[in-house]
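Q: Handing you a structure now.
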Amino acid sequence: MKRRNKDTCIVISGESGAGKTEASKYIMQYIAAITNPSQRAEVERVKNMLLKSNCVLEAFGNAKTNRNDNSSRFGKYMDINFDFKGDPIGGHINNYLLEKVGGKVKGVFKFIFQLVKGAPDAQLRSLHIQRDPTAYTYIKVGGQIKVFADFKAVTDAMKVIGFTTEEIQTVYKILATILHLGNLKFGSDGDVTLIENSKLVSVLGDLLSTKDENVEKALLYRTVATGRDVIDKQHTHQEASYGRDALAKAIYERLFCWIVGRINDVIEVKNYDARVHGKNTVIGVLDIYGFEIFQNNSFEQFCINYCNEKLQQLFIQLVLKQEQEEYQREGIPWKHIDYFNNQIIVDLVEQQHKGIFAVLDEACMNVGKVTDEMFLQALNGKLAKHAHYTSRKLSPTDKNLEFDRDFRIRHYAGDVAYSVVGFIDKNKDTLFQDFKRLLYNSSNPVLKAMWPEGKLSITEVTKRPLTAATLFKNSMISLVENLASKEPYYVRCIKPNDVKSPLLFEHERCKHQVEYLGLLENVRVRRAVKRLLQGCGFEHDVAYGKTKVFIRTPRTIFSLEEQRAEMVKRIVLFLQKVWRGTLARMRYRRMRAALIIIRAYRRYKVKSYIREVNRRFKNVRGMKDHGKHVKWPTPPKVLRKFEEALRNIYNRWWAWMLIKDLSPEEMVQIRAKVATLECLKGQRADLGLQRAWEGNYLVSKKDSPGTASSFTLVSSDLQRKDKFMRVLFSCNVRKINRFNKAEDRALLITDRHLYKMDPVKQYKGYFSCIHTAAEYNCQSYLECKCSLVFKESYYHILQFQKSQLNFKNGCNQEFIW
């Protein structure tokens, strides 16, 4: 499209369940991914709308069938408009033949089931709906997975597209109306038809925003105008049931068409002038129902298969027939390749006066009671000699067909037997005018807008509406003309099996699809137009046309294909090598990028932490407490050990700042207090660290005012007698003997002896340890076969581990201080 500035289209075809809908999603996602490199907001909005429209249309137009969990029950052709730069600027959607809900349907439309299973409880209560799908006649089949998530996704998509809250609520009400209509039961009281579960009438009136009596009258009566007179004709039980189902089908069809119209209003190209903005080009994407063969094939399957015949005929015209004609134009001798031209089947269906659609329309227009059996008889009369049509009457030995019910058509994809039951009613698609007036007179403006023909009065004469078959035929002819005006590209979807398994490949089934899709003939025609390379040595076996070069003999083809098969292996290995190298480089770049980011982040955290520490402790020298009150920042994990070391350095610096100006005498006390703290930390709350330690308390007048002079005399006398150099420690203590009797004593520790004195006797009675501190190489502690610990406090305790102390008087005494 961008290279040649030409409108194109993509035709996706295949059986039901072959993957056409998924293929169309991939195409839309691809277009969204490669366009709008400049990220223009309006283009992004359009792309988002196009993608969301797929979600909404799939929910309302797809159903679960026996052969496909997500079967399209409608055909969709979407034109995507592009500007001169190749960016999407809008689009338009056409839909074809929605197979209607109600009666005997092949599946349940997805969103009806999603509403029942996925809507919030409050929403269901407002719609008078239970969460049990089996409670509703129309949806007692199948089920969807992830219905809650799907319900929310569809609702969100509708909001993104632009549906208002009131419009979305109206959609819910219409779906609820359909469910309740399916549960309406009619009975008879003599000749009078009644509604057995009349409570549903008020529910329907509430959902349709109309009066209950109007709903009941529309369901039970039909207004008929005869000249100037207008009468109400009561329905029979059968007519009432038919009218109920017809109403349900019509409501859903109108809802779907209204949704498509609302989406088109949003995505259509607005204010585009080719003279200003450049040429507007189009890519059309056709996602339409695939060829279907069910156990019971009815009017819908007949229309669907006719559609596939038309598309196949377009393929034959554009690919097979035109290319062979091109050889003739090029002046190339050409042996014609036979292919099945299905134009004969297309004519069988749509030919005027003789085709099946024409016979069906003629039967519907006849006056009087016309049955499906009469329609089949008319077919047998007009098509008895047709090679692709048969019935049980024409082939009495064919027991697979039922008398007065079935006929068979030999389609390009295979033989299909159709049941004529319901053909007449479905083609007439009759909906009583009373229902149209009922819905037009609704107070809900959204619902009212869906039924504009309801404004006609009863006596107004209208033209006979076109039948469903004629409308569908006209739309198919228009579609094919539209596709033929563009350059077509084809996506052929092959269904590998009938059991919905992703792992099973049925060879014969796939071969059959390849054959009837015309792919074999396509290959035979296409491969004859391969351009030759000069280096292959096949100059003698080619023919030169006016614009192309053609291969003459199959031998050359086979030789080229053998070389190609050999080259494919090398190409695959090369692609694998390149791709694996690409993956490895991508992984390396990701890992390297991650490592760079991690390193940069760590450096950032480290620098941030160091800067914060520097900021907080920048002026600690000038602080009164040298920064002791400053709170440390939390370090990153990688710096926790560094923080511990940094704290230790700071603490040592802080301690040094405290003691650097102390005198030698003060340093001695500091060392003693530190040693005491290490030994006795946790054993007592107050260790006396906040005051100066005197050591010799018995000579201090402040601590012992009454005894200082007498102790001084005694200690001087001991010093002369025992010749010690200095007193290390002295204080009053209390002795508890083995009988738990307490006595006051004084303790004197010198550099040579340990003395226990009696204050009552003026410190003259004492005992002395015979071992000296010097003998045990102790400076500040005295050890005598024991662990001796002393500290400064109001009560000085000596803790001995069961040890024998030998005193000068020769006594052995075990005591605990």
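Every residue, even glycine, has its Cβ placed from backbone N, Cα and C.
Pulled the feature table from TrEMBL, pasting it below:
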type: BINDING; residues: Gly14, Glu15, Ser16, Gly17, Ala18, Gly19, Lys20, Thr21; note: ATP binding site
type: DOMAIN; residues: 1-528; note: domain 'Myosin motor'
type: DOMAIN; residues: 682-817; note: domain 'TH1'
type: REGION; residues: 476-498; note: region 'Actin-binding'
Q: For the ATP site given as Gly14, Glu15, Ser16, Gly17, Ala18, Gly19, Lys20, Thr21, which other residues of the same chain have their Cβ within 8 Å of the site's Cβ centre?
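A: For the ATP site the neighbour list reads Asn68, Gly290, Cys493, Lys495.
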Q: Across all the protein chains here, work out how many other Cβ atoms are within 10 Å of the Cβ of Gly19 (ATP binding site).
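A: A 10 Å sphere around the Cβ of Gly19 (ATP binding site) contains 20 other Cβ atoms.
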Q: Can you check how the pLDDT averages out over the domain 'Myosin motor' (1-528)?
A: 85
Q: Counting across all protein chains shown, how many other Cβ atoms sit within 10 Å of the Cβ of Thr21 (ATP binding site)?
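A: Neighbour count, Cβ to Cβ under the 10 Å cut-off: 23.
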Q: Long-range neighbours only, meaning 6 or more apart in sequence with Cβ under 8 Å: which ones does Ala18 (ATP binding site) have?
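A: Those within reach of Ala18 (ATP binding site), by Cβ under 8 Å and sequence separation of 6 or more, are Gly290, Cys493, Ile494, Lys495, Gln513.
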Q: Name the residue among the binding-site residues Gly14, Ser16 whose Cβ has the smallest number of other Cβ atoms within 10 Å.
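A: If we count Cβ atoms within 10 Å for the binding-site residues Gly14, Ser16, the smallest count is at Gly14.
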Q: Measure from the Cβ of Lys20 (ATP binding site) and count the other Cβ atoms within 10 Å, all protein chains considered.
A: 26
